[in-house]
Structures are given as C-alpha cells and as structure tokens.
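S.K.: Take a look at this one; I'll ask things after.
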C-alpha cells in the first residue's frame, strides 16, 4: 500500500518533464498525443506568485477512451506488417481543456530529439531540426488546437485532430500543418440548418461556449441560418472555464432566457460536455421542455444521456461523426485491466477512481469519477481496494470519436510508410516532420471498403449521423435516425420507421409568427428579425403556392388571372361572338331571312321580267346587281361571328364596304334617271344628262371604294386583337388597323348615300305607283339614322358583343334599303297586277304630265319691289305676240312693260308623256 500511495503521488505531482507525460511507450518513431483527459485545471484561490503547472480535475471518460483508442491503434500497427519492422511509440499529454497546459505539452513536442535537456532551440531554419516527436494527434478542443498548431507550424510538425471542428482550422495559411479526420463545422452547421428548415422552424435560440470553438461555430451557424431565413431569437455565451466565478450565474441567466421565450421551442447548443451537464441539470429544475439540437461535442455523450429525469427536457437531436467497426477496440477494453499501468498514468488514475466510487450507482458513479480531483484521490485512496468494472468503459464509448482517433493514427502510419519506403526509419533522424507533412497530404486509407483521404483544406470528408435520444425501457438510448450526405446536402433514412421520427419533429412549432398559408405572403413588421411578420392576402392577379412566402408571384402573362388570396393562376376565359350564342343565332337568322328575301325578290322580278314595274326599276340587270350587292352584305355578317381570324377581319369590312358602295351606286343611277325623266328645269336637265352615265358612274364609284379598301389592307390591315380590359377574360376581336381608313370607307359610303338622298328627295312627288324616289329617300334616311346611332354606340361598347353592334347596323341599313327599294314593287306585282300593265302605266304618266303642263304656264316671273301681281292666263285670255322664230310670247301687265315667257306647244302633255315613258 505505501508503494501504491507513493506511485499515485508521483502520478499526480509534476516533479520533472517526464512526470508531465500522461502515457508513453518507446518506439523508433514517436507520435505525440494531446487530449483533454481532465475537464479543468485547478487554479489557486489567490493569484499565483510563481509559474507552476497546477493539477487537474474532472476526469473525462470519453476523452480517456480516445487516448486508449490511440494506444490500441499504435499497438495494432506495431503488431502488423504495415511499417515493416518499424515500431511506433507515443507520448500522450493531458491538456486539461486549458490552452496554457496544452502549450507546455507542445513545447515538450518541439524539444530536440535525444537531447540531455528538454529544451527548444531557437533557429532561423528548422529544416534539419529533429524534434522528439514526428507528428501529433489532438487536441480535443478547437481552441486548444489553434494555439498548439501555431507552435507546431514553426517546425511544420503534422497535427491530426480527431475532434477539433472549428471552420477556421481549414485555413492552410494560418494553420499549414493542421489536419483532421472529421469534417469542419461548416458542414455541421449546414446540416443543422437543413434540419431546422426541413422541420419548418425559423425562430430558435443558440447557446455556445465562450471560446474560439463556440464563437466560430456560432458565426458559421449564423451565416447558414441567415442564408436559409432562420432567425436567432437569442444567443447566450457561457464561460469556457468551470472555474470562472460567473459560470453559474450565466447558466441561470441562459435558462431564464429559455423559459421567457415561449415561442422558441428549438435550442441549438455548441458546448463542451461538462457545460451541457451543468446547463441541463438547471433546465430540469425549471421544467424546461424544448427540442435540443446537439453539436458533435456532446451529441453522443453517455454521461449526459444518463442524467436523472433527462427525458423531461424534451427531444434531443444531435449530429455525430460517422462511426465504423470498432469491435477490435471493444475487445481491447475488455482486456484493459491486464495492461500495466507504469507508463499510463491515465489508466492508473482511472483504476483509482473505480476504487473510490465503486459503491455508487451508475449515474452517481459516473458523477463521482468526473468530480474527483487528483488531490482528492490522494486523500481517499489509502483505505480503498482496487476494483474493475468491465461494462463501464464500453458503455461510455462514443463511436464517432473513437473512429476518428483510429483514423488519425492510421493516416500518420501510412504517411510514415510512404516516407520509409527508401529510408531506414529505425533511425529517428531518417526524415524530418515537414517531409512527413507532404506525404500526409497524399494518404488514402481504406477501411471496410470505404476510402478516406484529406482534401485541400486538410479535412477528411466523413459524413454525419443524425442521432436521436429516445427513451427505451426507462433509459435514454442514443439511436441513429438518419445519415447526412454532405455532397447532396440531404438526409438518408434507413427505413420508414426512422423517417417517422423525423416527421414527428415537424409537429413542434418554433416560429416567431404563424406560418403564412398558400395564398398569403409575409408583411414585415417593426421587428428587426425577418422571421417576425404578419400574413396578408395576395392581391388580385397574384398568387402564392407555398407556405411562408416572402412575396406573391404575379400571374405569368395577360392570359391568366387570380382573385385575392389565390394559390394559383387561372386561365382567362376567351370570349367571342360564338355560333351557339343566342344573340348570334338571332342575328344569323335575320341575315338568313334577308338572303331568302333577296332570292325571293329575284325570283319575282325574273318571272315578271317584261312588266312595266320591272322595267321602270331599271331592268333586270340593274336589279340583279343591286340584289347581288344586298346578298353580299347579308353574307358579310357571318364574318363577324365565331373566332376572329386575320382573314375574317380583312374580309368582313372590305366585303361590306364594296358591296354597299355597289348598291348605293346603282341606286344613285336610278335616282338620276327618275329625276331626269320628270324634271322640267332645263338647266337641271342638262346637268343630269351630263351626269347620267350608268356604267362609268357605277364603275368609278365602286372603284374608288375598292382603291380605299386596297390601300387599307396593304398599309394598315385589320388584325386579330386580344382585349384584356375585362379582368377575368380575354376578348378576341378584330382591330380595324386604322380607324382613319375605316372612317374614310364609311364616310365615302355616307357621301354617296347623301347624294342619292338629295336626288331622290327632289323626285319624291313623282307618280306614286311607279316612282321609287320617295322610297329611296326613306331608305337613305334609315341608313343615316342607323349609322349615326352606330358611331357613339360602337365607340362606347366593348366586349364580345361589339361585332353584334356592327351586324345590327349593317342589317338595319341593308334591310331598310332593300325593303324600300323592292318591296313596294313586289306589292304592285303581286297584289295590284291591274296597274302593272303598259296601258295603265301610260295613263298614269299622261295624267301626271297633263297636270304638270297646266301648272307650268309661267315658270317664274321676276318683279321689282314696286311691281304688282301678274296674272297668268290661258292663250285665249292673254294677248300675245307670237314669235315663230323662238316660240316666245310676251305677257303684258297693266302699267308694266312686256315680259317674255315660255309658250307651251299644243298637245304638250302627250309629248311629255311619251318622252318620260321612253326615259323610264
């Protein structure tokens, strides 16, 4: 017993540099190890008066297992043919999670090989300098690794960490000799953010350790969260060292913050295991129930999962390093009690701890081990017997860290193998550490058919396991829920049952605002966080088809529309005057009736070809031309119905304009002919005789309209237009191309109709039964009224019934002219056949001519202001002087000179009748 006490005392008291080593073994090539086997270094209550490295407390089983994994890997390599007789040795140091003590260990690594003094030589060039170790495995924490790496970079000693994940360590300019067998925090924070986004959370809290590792992890996560619209409601930083006097108050403040933020149901934790242990114990006291997202530092920590009432905290989901086959290491642990402890102070301390805490239950036993300081062990060991618990170490294995530690050892071993291919590595000075560094960059390790190698940043691309803490039989079990694929950035589930666990997470709400449903969008409030917003409906013609959209999409083009609060766009209904529309059917029936009427009139006139009424109408040829033009006008209405096309748009106006012009031109000729036949004014007769050129007049009048339409179709042709004036519909209509051209066409027809109206109006009092003048006059009036009303109606109407307006005015004007021109004649032909004879016609003309001759004795007498009334009498009562030469007579008015007047020859009525019959 005294010997054991002395040995134990030596283990915990640092008398010289050799005592500083935690575990060691000789070899041809020595590898250094740096692990935080203890969680804190004991500081004096008062300020130190001299630089002494203090003892440590808080034995960390998980880190101790990593040191054993390193020893196991080295022993396995030495017992294999990997290095061909070259043996590996090791020197493992405890950093106690403190940079200060880790730096002391680093100085030990840098000391010169085979020197009587453990001194670090200062040189300007370390190319030929051979330190006592060739490479370093560690450290456990990123903050320690950063400090140590800066020292090791002085001699470019390779450092391979199995646990330091800070993203900054990938910077090869600042850390040129640093490698790691795990991914950087960039991938971990991206995986966390992906999990948060997939679960529909955007309002979370973050708690981190106030050290380099915690700060860099928080910064990396903040960037990822911002890029994915995840807001951090609060950030709490806990002191890095448990000895900090403010540690417990900061923990209380963090728990209080979690309790107050009721809308925050997801907490991301970047902390060391002993920090999480303190936090969770306090959270259990306050009955906190949240979803906790664990970083790789503690996601598989058994000592945390065994805290009493840990299930009260809620759900814990973590990201751990991908593990491999560690069965050989488990066998190593089972035989560990047979290993000597002389050169392994960590193992010796662990055995002592087993003896001190053996009487306690599992969790209390673990707590006892973690809370014992080295000084306490010296006081309690005297009355204790050595015990061994086979199950304890295996129960506390964190497979990810064990796998990464073994990979680190093998990576260095493969680099040494490449270096020793042409050298005698029995001699430690065979190569320098910086030469090993170059080989390490090229190393490829095959483990269970998987290939591992370092990338350009010195990181090994291993994936993450998504771990779920699940209660099974009253105990918290850490199970693998999924695997995170770094390349694809997605989760891979082994089976549907594990996917179900993931879906259950989505049921928890952790948002600043309620989710905006499809059909709504976010409206940012006064809060500085973009995750705090109000939900407002999408406006008209906008839509949103996902939840929590920042803005509503506008419907793609004018052919779609959307109501308020819409989740999609709807195709606009296409409107046009279709064949099956009741109004279109009605108009078509009117057009069809008009065509039937035209054909009926044509048949009637053909059968009564030689009757005076037909001949008085201009003959069958003129009637056929007029009737054909009416037929074309009725036919043109079908081009206003159904889906508009460019052909229809061009055809309908040209066909109508030319046909109507042809009709009016023929009627104009008829009006001229009637007026010429029954006119008594010599000047007017001479003018009408000059104007009356039937064929040229019709050709010229119609030809002008043809020219107008041709220019219209060439330069500003009508085309199909989509009218979007109605929000939910598209109206297909014909755009006339040029309103000016359209107006000129209609104006030209109106001008011809007006001339025709003037001529017909002058002959409105001619013989009733055979005179068309007053009917033509009435027909022109109908035309004018229809088109005058049409202009404002057409200008103010829109929609699918706009073509119907034009059809109506076309039908009204066409029916008016057709009926006024032909129906009276058809009435005479059918119902007054006794008047449709040559004798009856001559008698009527003779009677009219006789009346006309009697009433035109004197055409006009011009008197001055003092003249008296002139009485015109017949030739028997009037004294005349006949002039045989000019046929003039003189009328004498009392008191006035003689006035010359027109003398009508004898039988004037008979002569006039004959002329009019021949003209008509």
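Note: Cβ is positioned from N, Cα and C throughout, glycine not excepted.
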S.K.: With the ranges 498-521, 522-545, 546-569, 618-641 to choose from, which does TrEMBL describe as transmembrane segment?
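M.R.: Per TrEMBL, the stretch marked transmembrane segment is 618-641.
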S.K.: For the annotation transmembrane segment in TrEMBL, which listed range does it cover: 461-484, 653-676, 845-868?
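M.R.: In TrEMBL, the transmembrane segment feature sits at 653-676.
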S.K.: Of the ranges 739-761, 877-899, which one does TrEMBL list as transmembrane segment?
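M.R.: In TrEMBL, the transmembrane segment feature sits at 739-761.
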S.K.: Could you check whether the transmembrane segment (801-823) and the transmembrane segment (739-761) come into contact, where contact means at least 3 Cβ pairs under 8 Å with the two residues of each pair 6 or more apart in sequence?
M.R.: no
S.K.: Please report, as numbers and ranges, the same-chain residues at least 6 past the borders of the transmembrane segment (739-761) whose CB is under 8 Å from any CB of it.
M.R.: 653, 657, 660-661, 664-665, 667-668, 671-672, 674-675, 701, 704-705, 708-709, 711-712, 716, 772-774, 776-777, 780-781, 783-784, 787
